[in-house]
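Colleague: Can you read through this structure? Questions will come right after.
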Amino acid sequence: MSATKLTRREQRAQAQHFIDTLEGTAFPNSKRIYITGTQPGVRVPMREIQLSPTLIGGSKEQPQFEENEAIPVYDTSGPYGDPQIAINVQQGLAKLRQPWIDARGDTEELTVRSSDYTKARLADDGLDELRFSGLLTPKRAKAGRRVTQLHYARQGIITPEMEFIAIRENMGRERIRSEVLRHQHPGMSFGARLPENITAEFVRDEVAAGRAIIPANINHPESEPMIIGRNFLVKVNANIGNSAVTSSIEEEVEKLVWSTRWGADTVMDLSTGRYIHETREWILRNSPVPIGTVPIYQALEKVNGIAEDLTWEAFRDTLLEQAEQGVDYFTIHAGVLLRYVPMTAKRLTGIVSRGGSIMAKWCLSHHQENFLYQHFREICEICAAYDVSLSLGDGLRPGSVQDANDEAQFAELHTLGELTKIAWEYDVQVMIEGPGHVPMQMIRRNMTEELEHCHEAPFYTLGPLTTDIAPGYDHFTSGIGAAMIGWFGCAMLCYVTPKEHLGLPNKEDVKQGLITYKIAAHAADLAKGHPGAQIRDNAMSKARFEFRWEDQFNLALDPFTARAYHDETLPQESGKVAHFCSMCGPKFCSMKISQEVRDYAAAQTIEVGMADMSENFRARGGEIYLRKEEV
C-alpha cells in the first residue's frame with residue numbers, strides 16, 4: 001500500500017504524464033513476434049519470453065550449455081507491447097480491422113449520427129478541449145444486411161477475425177519441440193471440446209453454434225480479434241470507469257493501457273460521472289481489446305439519476321450513441337422481471353446489482369414489465385446493425401453467500417435463456433452473466449444450470465466470491481471461485497480488485513485484480529486440460545530446478561514483483577546466479593539437494609554397472625572377443 005496518498009491534482013498530473021510519455025514496452029527479456037495467416041492482414045501478435053541456456057557440464061574454463069527454447073505466450077497489450085510501434089494517444093491506435101470490414105461490402109458510412117445525445121455533444125463547443133480529435137465516421141449495416149460474426153459463421157464464412165483467433169488461441173505452441181515442455185497432465189473438461197489444434201473452421205463452428213462470441217463492433221476497428229467460449233482459453237475482464245466523485249479521462253486511459261499490459265482480454269467502461277461520452281471515445285480509440293458497457297448507467301445520467309424517469313426512448317438513444325462509438329458488448333438487464341422482484345424480499349442482501357436495482361425500482365414504481373424485456377427485439381435489431389454482442393446481465397445475482405442459488409437468481413437465469421434464443425434469431429452474439437457470492441460447494445450448479453437453460457452460450461461471472469469475511473482481500477475470495485467455475489466451463493471471469501465493496505480501484509488495484517484473475521484463468525485451463533496450457537509451468541519448473549533465476553523472474557506473470565521479492569533476501573547480483581534458493585540458503589535448499597542426489601544416483605548407476613560388466617567379463621573367460629554363439 002502506498003505510504004503517501006496523492007491529491008486529485010497529483011493523480012491527474014501523474015496520469016497525464018503516463019499517457020504523454022507512453023511507448024511500446026516489452027516485458028523483461030521478452031520480444032514481440034507476429035505469426036501471419038493466409039488471409040490478407042492477418043498478423044497475430046504474441047510475446048516470446050527468451051530464456052538462458054542450461055549448464056550441462058564441462059569445466060569452469062570451458063562450460064557446456066544446452067539452449068532452452070523461447071516460450072510464446074498470449075499477449076493482450078496490442079501496440080503497447082511492441083517497442084517498434086510509436087504510440088500517440090491523441091491519434092489513437094491503427095485501424096487493424098478496417099480493411100476487413102470494408103472488404104465485406106455490407107456496411108455504409110453514416111452522414112449524420114443516429115443519437116440525439118451525440119448530436120448535442122458534438123455541437124457543444126465547450127467540449128472541444130475534452131473531445132478526442134480524430135473522430136471516426138461511424139458505419140452501420142446496409143439495409144437488409146447483418147454484419148455480425150455470428151451471421152458470417154452461420155453462412156459458412158471464415159472471416160479474417162476467425163483466422164486471427166485460431167492462430168492466437170494456439171499460442172504458438174507448435175513452435176515448442178522439447179518433450180519436457182510439452183508434457184501435460186490429462187484434464188477434466190466437464191464436456192468441453194478441446195482440440196489439440198484450433199483451426200479457423202473450429203472457431204467458425206463454435207461461433208455458429210452460439211457456444212462462443214467474437215466481440216467486434218464494426219466501429220471499433222482498432223481492436224484485435226479475440227474469442228469468449230468454454231472451448232477456448234479462459235478470458236479475464238477488467239472494469240474501469242470514472243464516477244461522480246473521482247477519476248478523469250487521463251486516468252481512465254491510463255487504466256485502460258495498464259489493464260491490457262497486465263492481461264485484460266476485455267475491458268468494461270463503467271463510467272457514471274461527468275463526460276461519459278468523451279471518456280468512452282478516448283478509451284475506444286486507444287483500446288486493442290473489446291470494450292463493454294452497461295448502457296443503463298448512462299441512460300440514468302440523462303434523466304438526472306432518477307430511475308423512475310427512465311424511458312425506452314432515452315435508453316434506445318444511448319444504445320445508438322454507444323454502438324456508433326464502437327462499444328463491442330452491452331450488458332443488458334432484461335431478465336429482471338416484475339414478478340421476480342418480490343422473490344428477493346427474503347434475501348439477506350436484497351438486489352446488489354446496480355443495473356438490476358435500477359430496473360427493479362422502475363418496474364415497481366410504474367408497476368409495468370421491464371422495458372428492456374418488452375423492447376428486447378428492438379435491442380437486437382440495433383446490435384445486429386453494428387455487431388454489438390449482448391452480455392445478458394444478472395441483475396438478481398446474490399450479494400452474499402446466504403443468498404446464493406436462490407429462486408430469484410435462477411428464475412432470472414432461465415429468462416436469460418429465453419432471451420438468448422431471441423437474440424440468435426437476429427444473428428446477435430450472446431453471453432450470459434453470472435454471480436456473485438457463492439460458497440464453493442454450490443458453484444458447479446451455476447455452471448450446469450447455465451449450460452442447460454442458456455443453450456451453452458458463454459458464461460461470464462463476477463468471481464464468484466466464496467466467502468464474505470474478507471473486505472480488502474476479495475480478489476482472493478473471488479479468485480478461488482473464479483478458478484473453480486472456470487474449470488467447470490465458465491468462458492470469461494470478471495476481475496475483482498482489493499477495493500471491492502470498499503472503494504473505486506486505482507491503477508495498482510487494477511494490476512492486483514488482474515494478476516489474481518490471470519492465475520485463476522490459467523489454473524482453470526490447466527485443470528480442463530487445455531492443450532499447451534502447461535508449457536509455461538514446465539518451463540518455470542525447469543528454470544527453478546536449474547537455478548536460472550533470471551528466467552524464473554521473466555516467466556512469471558509479474559516479473560517485477562518476483563524479482564523484487566527475491567532481491568529483498570539476496571540483493572547482490574551474485575544471488576541471481578546462486579545455486580540455492582533465497583528461502584532455504586545453500587545448505588538446506590531442497591532443489592540443490594535433489595540435484596546432488598540425482599548426480600550421485602547417476603554416478604552410482606555407472607559404478608555399479610561397470611562392476612557388473614567387469615564380473616561378467618571375468619566369468620566369460622576374460623576374452624576380448626566372444627564366440628559367435630555367445631553373442
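Including glycine, each Cβ sits where the backbone N, Cα and C put it.
Taken from Swiss-Prot, the feature substrate binding site applies to N239, M268, Y297, H333, S353, R354, G355, D394, G395, L396, R397, E433, Y460, supported by sequence analysis. Per Swiss-Prot, the feature Zn(2+) binding site maps to H437, H501; the stated evidence is sequence analysis. Feature annotation from Swiss-Prot assigns [4Fe-4S] cluster binding site to C581, C584, C589.
Each of the listed features needs to be described in terms of its position in the shown structure.
Modeller: Spatially close to G355 (substrate binding site) yet at least six residues away along the chain are V294, I296, Y297, T331, H333, V336, G393, G395, judged by Cβ distances under 8 angstroms.
Residues within less than 8 Å, Cβ to Cβ, of H437 (Zn(2+) binding site) and separated from it by at least 6 positions along the same chain comprise R397, P398, G399, S400, V401, D403, A404, G463, P464, L465, D468.
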Colleague: Looking only at N239, M268, Y297, H333, S353, R354, G355, D394, G395, L396, R397, E433, Y460, the residues listed as binding substrate, what is the longest Cα to Cα distance in Å?
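Modeller: In whole numbers, the farthest two Cα atoms are 20 Å apart.
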Colleague: Where among the binding-site residues N239, S353, G395, R397, H501 do you find the Cβ with the fewest other Cβ atoms within 10 Å?
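Modeller: Checked N239, S353, G395, R397, H501; of these binding-site residues, fewest Cβ neighbours within 10 Å: H501.
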Colleague: Could you tell me the C-alpha distance between N239 (substrate binding site) and H501 (Zn(2+) binding site) in angstrom, no decimals?
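Modeller: Rounded to a whole number, the Cα-Cα distance is 14 Å.
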